[in-house]
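What TrEMBL annotates here:
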type	residues	note
ACT_SITE	10	active site, proton donor/acceptor
ACT_SITE	12	active site, proton donor/acceptor
BINDING	10-12, 26, 45-50, 53, 79, 117-121, 148	substrate binding site
BINDING	10, 12, 172, 173	Mg(2+) binding site
Ligand code: BG6
Ligand code: MG
């Protein structure tokens with residue numbers, strides 16, 4: 001079995017359960033605009049950047065052509081302010097099952113670890129839940145310009161860690177993220193269900209079931 005030298009982690013939905021806060025904040029915006037935004041609709045926002053998420057939300061409400069670029073910036077800022085209120089109250093209890101254990105085992109084995117997240121809020125989330133120290137490099141929405149499925153967030157991580165792409169394993173709960181990993185020959189580890197993540201090279205329901213010793 002091939003052994004990998006670096007682990008690249010998505011944040012939202014893999015290490016912490018922040019999808020619920022993104023949902024609450026988007027739902028409040030939709031309510032203010034006068035339409036319902038369901039949990040099912042919210043599935044479409046996973047792994048998607050803030051501005052692209054807003055476009056999807058407006059499409060759900062049938063309002064995609066109603067606003068200027070400036071008004072959209074304003075709405076995204078409003079949503080983010082609410083989201084930041086939610087995440088500022090997060091603590092270690094919101095780390096997902098198996099995440100801390102996986103990070104610790106990887107560290108023990110000397111595996112290099114980077115974050116590969118679309119979120120511009122990742123530094124505050126990692127700090128609040130106490131995970132910052134496990135990462136050699138943080139690549140997130142503040143340092144990349146191209147969103148998943150573009151692989152930039154992972155290629156930048158591999159380059160900063162000095163590890164070849166094919167020696168990296170990516171942990172993702174979104175289809176776009178797995179497609180990004182596969183497009184540059186990284187191992188695509190899906191966290192979720194086969195139904196949602198058909199392209200995953202290997203799949204686990206959560207990091208609790210992931211077998212570190214098998215891959216690293
Ligand atoms: C991703 C989430 O990790 O980050 C998306 O899955 C979110 O739902 C995106 O839209 C951007 O996050 P932020 O915190 O920069 O608005
Ligand atoms: Mg995710």
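Every residue gets a Cβ built from N, Cα and C, even glycine.
Overlay of TrEMBL feature records on the structure.
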residue: 10; record: active site, proton donor/acceptor; Cβ within 10 Å: 30
residue: 12; record: active site, proton donor/acceptor; Cβ within 10 Å: 22
residue: 26; record: substrate binding site; Cβ within 10 Å: 22
residue: 47; record: substrate binding site; Cβ within 10 Å: 25
residue: 50; record: substrate binding site; Cβ within 10 Å: 19
residue: 117; record: substrate binding site; Cβ within 10 Å: 28
residue: 120; record: substrate binding site; Cβ within 10 Å: 14
residue: 172; record: Mg(2+) binding site; Cβ within 10 Å: 29
residue: 173; record: Mg(2+) binding site; Cβ within 10 Å: 24
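By the rule that a residue counts when its Cβ sits under 6 Å from some atom of ligand 1, the binding-site residues 26, 47, 172 yield 47.
Not one of the binding-site residues 26, 50, 117, 120 places a Cβ under 6 Å from an atom of ligand 2. Residue 172 (Mg(2+) binding site) sits 9 Å from residue 12 (active site, proton donor/acceptor), taking the C-alpha atoms as the reference points. Measuring Cα to Cα from residue 117 (substrate binding site), the recorded positions that fall within 10 Å are 10, 12, out of 10, 12, 173. In this structure, residue 26 (substrate binding site) is part of a helix by DSSP.
Residue 10 (active site, proton donor/acceptor) and residue 173 (Mg(2+) binding site) have their C-alpha atoms 8 Å apart, to the nearest angstrom.
Cα spacing between residue 173 (Mg(2+) binding site) and residue 47 (substrate binding site): 8 Å, rounded to the nearest whole number.
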